[in-house]
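Read the structure below first, then the notes.
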Amino acid sequence: MINPISFRPGPVTFWTTLIYLALLIPIVIINEKTPAAPKTAEPFKGVNLTEAWLDLTTITRAYHPYNSKFNEEVRRYLLEKVETILEENGASWVSDGQMTTVKDGKSAAVTVFDDNVSNSTFVMGKSNGTTFTRTDSINNAAYFEGTNILVYIRGKEDDEGEWWEADYAHGMRRNAKGLTLVNAHYDSVSTGFGATDDGMGVVTALQVLKYFTAPGHQPQRGIVVMLNNGEEDWLYGAHALGQHKLNPFIHTFLNLEGAGAGGRAIVFRATDREVMAAYARTSHPFGTVIASDAFGLGFISSGTDYSVLVDAYGQRGIDLAFFKPRARYHTNQDDTRHTSKGSLWHMLSAAIHTTKQFSGDTGNTFIGQRPDKAHGKVANGRSSNGVWFDLFGKSFVLFGLRGMFAWSLTLLIATPLVLVGITWLLRNLDKDYFFTSTVKTKEHPEYEAVPIGGWKGFFRFPFALGVAVFFTISSALLMNKVNPLIVYSSRYSVWVMMVSIFYFSFWMIMRGANFVRPSALHRGYANLWLFVFGWIVLVAVTALEDRRRIAAGYIFVFLESAIFLSCLISFVELLAVPRKSSYALQVQEDYDGQEHDHNGYQGFRDSTDEPSLRARAESSASAASPPSPTVAQEPSKSKAPAGTTNGLSTAPSVAAHSSQPQPAPTTPIPGRSSGAPSTASRDENESEDDDEPTERTPLVGGNGTNDRGRTTFATTYRRSITALVHGARKMEEDGEPYDHEQEWSGHLPSWAWFFQFLLLGPFMIILAAQTGLMLTDAVYQTGSDGSKLITPYLIIFVFTVLLILPLTPFIHRVTHHIPVFLLVVFIVTLTYNLIAFPFSANNRYKTFFGQYIDVATGDNKVCYTGIEEYVRPIIAELPSASGREVTCGKSLRRGSTISTCCFDGSAVPPKLGSEDDNGLPEDSYADLITINATRSTKRGDSSRTTARIEITADNTKSCFLQFKKPVSALAIENGSGWDDRFGQYPEDGVGLVRLWHREFGKTWVVNAEWKGSETRKEYDENDGTVICMWSDANTPGTIPALDEALQFVPSWAAVTKFSEGLVEGRKAFKIV
């Protein structure tokens, strides 16, 4: 019966293919399928999924950016919804400013903050101005008036009363255990309905409020549910939180966000291990620390409120977000039609569980002095770095980075020592076959060294790996050169292409090499090379763990651990083979026995006709295994003696049973001195010797002149026969070598490979496949945003290698059927990937829209930004662009592959004012922006000049103020002052100020100051430009250019906003 796990082609092909398919198929299904929502509307008390979905459809009926009328309607709806929830739950609540004490002298369970007061002025970093006011890099600042809604749910252990007021109970402890924030933003972009960005976050936050205000669900520590406004343009709502009186008491947070349009909500990033412990036991965990480290290293530049909460306020928490498909992100397909209740439930269930864990932690996990002692940040204890990842979206692995560092260091130091120790032991036991090519025996030191096949196949693995890597990376580079965006719609085709070529090319080299020179050490050498390469990578991973606190290398830590154990098995299984000296002795004795048999039947033969000991050993090592012993028949001169196979005797020779003595061999054994006569002289005497033996004739053949070249009866007859018989019995007991491999390999356990593959394979396949797919999903549709087009291909390449590596030590045993099939698959997918159009109606290419007007001259341009190759065909479909010149240039705000293409937009003029205009003459926009800029010099200080600039814009909440010369000081009237938590005022001044009001048409008053300005030339340098934004496209005809785009662009294209405003109107001013 065939061993079902023997190291033979059939079992190896079957088990490896089965395990790969059994793991990869579920991983792909899980990656594509969102866990189903509960069938009941109320999965548990205090949560109503149907109600949440209805709220979502209500707030996503129209675009609702901060600078739109519908945004204000959404805000009113949310305030009413909060009140309805509290009333239905019977919770005692008050609005901020009312008395917190209710009946029976108890404090209200809930306080609602309708925040129309908080505002923030802060530095934003550098930019190159706006679209049509390009300058050298200048410092940006912002002034923003918030409209956040905050609901405080009092915890059981919270202080009573209005403890958050600065003058409340002076000297008393003020809610030292802190609060947990649940945050979501209710504004959308101007071109998206915001179902997942961030409508689902908003309705999830409402259900969190509903759950924790339901009877019996009061949290241990207080919870703040915040619905913030203004996140989309520059995280403004989170900046406004910094001015709220609850902010200093928030220790932990859960930020609910959307950077895709459905699917599962992933842990985008997290601050530490302790906050992840709160998330870890959700019903469907999803995420990996790799994503968090990618943010930390700057590989992902997308911003969420998490950045402000952590970097500015020092809070500890989690960013929970939707992240795919990116093609629908910020477009009109971010609606309820293109998402699901399953996605909503995935976020909602995780949010309630995590919030419950945060608020239920009454220990000191999130309390205490900060280790960095940073000024202005909340004292929320000491955190530790963590490592985390999910398995199949059902379980979650979480442990400390410090522990992984110790583990990595142990692997680096201990594992080489263990392998060196095993090698030393094998050498002492005379079983170190890996690094020994030949061996001599003490019994016959004069013999030629016996080859045992060590080092055979040693360099195959790195060569095969190099070839496979070359072909795979070449396919990636070819895609990037010929059709770089095919991954945008066909990422699985790219995955299959790379996996197929890597598998086939690696198999081709390894199988071919093993066919030409079979080696039983092939598998062991592959494991050894894997260990060496893994150890080198682990050095870099360990350094990053220690110096940069990067945990993303956990895959390589697990991989090297598995490789070490597999490598250890390859060394340990050598204990089952005979000693090298024993094997060599057997080969030499078999040789002697064959010499005896040949001469016993055939007389003396020419020494040149007899193969050397090395040739016999090599023949023995490469021939098929012997059959069962049979009774010897008299052989002819041209055939090997019966009872021998592959140069090794399997039955006693006839000489052992003959009543007559047989002639001894005269052929010299290699390595001995020989006095054998020449062929001619031997032929002359042969008949004479055979016919008449004398008293000088030796007992076993030959004659007196050949003494020195002969063995005695004792060394040739008895020892060879015993060894041959023993060898035959031993071969029957221990099995046969496989397909011309070294004969001693028949003693190796044929099942060891299976356990090696179980160590290397399943867990690494899971990690590589699901992590590779997750990272691919995160980036495969970012090329249209300006990201590097090669990035998704490099990710797929790296994880293709990691995916197939566990198979590589055994791949030479796989039958040709699988690799040949994959070669065909590679050819098909390569052809498709090279010629297919990269976009479709379900995977639309995103182009960025903007319209730009000079309100003084009426100059009007419509611009589309993206990859020029695809932007021009899009523009060609627009009626207003027909017959007009289209000019393109590199975009400064996007990547190097992105261009901005513009044409005259006079055919589609926007209607921006409060009242519709008819005809729109050249100067019809002149009254949209009113600027009054006056200068004054400080008394007694002629080196400084100040200016008061008043800006009023019709039907908008947003204008930018850009100066020719940066201002050395800046203040907004009625503003809260400069918030240095976001950075000190720049020494080289501020060149651009972004101004945001919470009301339409309200006037901004900006006080600016310059150094110098004593000459007319310097006065002129103090002039500038005002750029105002209009973003409300809900009423058809308001922005006809956008209406046209949504109607006429090809089905494979989508339109999204380029910047804060769909329309930007600019007007220059002089300070007088």
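Positions of Cβ are set from backbone N, Cα and C atoms, glycine also.
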Ask   = Per Swiss-Prot, does PHE434 fall on the same side of the membrane as ARG813?
value = yes
Request  = Select one of HIS251, HIS284, HIS330, HIS338: the residue that Swiss-Prot places in the Zn(2+) 2 site alongside ASP197, GLU232.
outcome  = HIS330
Inquiry  = Which sequence-distant residues neighbour the topological domain 'Vacuolar' (479-492)? Criterion: at least 6 residues beyond either end, Cβ under 8 Å.
reply    = 28, 327, 776-777, 780-781, 783-784, 789-790, 792-793, 796, 832-836, 838-840, 842-843, 845, 867
Task = Measuring CB to CB from GLU231 (active site, proton acceptor), give everything in the same chain under 8 Å that is also at least six residues away in sequence.
result = HIS185, ASP187, ASP198, GLY237, ALA238, THR304, ASP305
Ask   = Around TYR329 (site 'Transition state stabilizer'), how many other C-beta atoms are within 10 angstroms of its C-beta?
value = 26
Message = Below 8 angstroms Cβ to Cβ, which residues of this chain, lying six or more residues outside the topological domain 'Cytoplasmic' (1-9), approach it?
response = 15, 523, 738, 750-754, 810, 813-815
Ask   = Taking a Cβ cut-off under 8 Å, which residues six or more beyond the ends of the topological domain 'Vacuolar' (545-554) line up next to it in the same chain?
value = 289-290, 293-294, 296-297, 385-387, 389, 401, 404-405, 408, 537-538
Inquiry  = Under a three-state reading of DSSP, tell me whether TYR329 (site 'Transition state stabilizer') is helix, strand or coil.
reply    = coil
Other parts of the chain folded back onto the topological domain 'Cytoplasmic' (811-817), taken as Cβ under 8 Å at six or more residues beyond its ends = 7-10, 12-13, 16, 503, 506-507, 510-511, 513-514, 522, 753
Distant-in-sequence neighbours of the topological domain 'Cytoplasmic' (514-523), which means Cβ under 8 A and at least six residues beyond its ends = 7, 433-434, 453-454, 456-458, 460, 570, 622, 737-742, 744-745, 748, 753, 756, 809-810, 812
Inquiry  = Which sequence-distant residues neighbour the topological domain 'Vacuolar' (769-789)? Criterion: at least 6 residues beyond either end, Cβ under 8 Å.
reply    = 23-24, 27-28, 30-31, 263, 266, 288, 290-291, 300, 323-327, 389-392, 480, 484-485, 487-488, 491, 495, 555, 795-796, 798-800, 802-803, 843, 845-847, 866-867, 891, 894-898
